[in-house]
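Read through the structure below, which is laid out as structure tokens, and then see the notes.
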Amino acid sequence: MKLLYLFLAILLAIEEPVISGKRHILRCMGNSGICRASCKKNEQPYLYCRNCQSCCLQSYMRISISGKEENTDWSYEKQWPRLP
């Protein structure tokens, strides 16, 4: 009987516990967003994922619609025109 308890203890120590409710997170927009049925309060929906759920991006994410890398240098000189 002690051998059975020892075997069960070793078996439980080796196996990873199964957590119910833990699902694989589907990423979108180049791993910048998460596919969800509804976005959280601080997220904005953008396009749709393959499973017809919204691709939720953080509200501070900038999206380039031109397809090329944009200059993101937001220095003071680039924001305001020069005065003579």
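Numbers run from 1 along the shown chain.
Glycine too: its Cβ is placed from the backbone N, Cα and C atoms.
Keep in mind the model is a prediction, meaning the values are calculated, not measured.
For CYS28, the disulfide partner named by Swiss-Prot from the candidate list CYS52, CYS55 is CYS55.
CYS28 (disulfide bond) has CYS49, CYS56 nearby among the disulfide-bonded residues CYS39, CYS49, CYS56, counting only those with a Cα within 10 angstroms of its own Cα.
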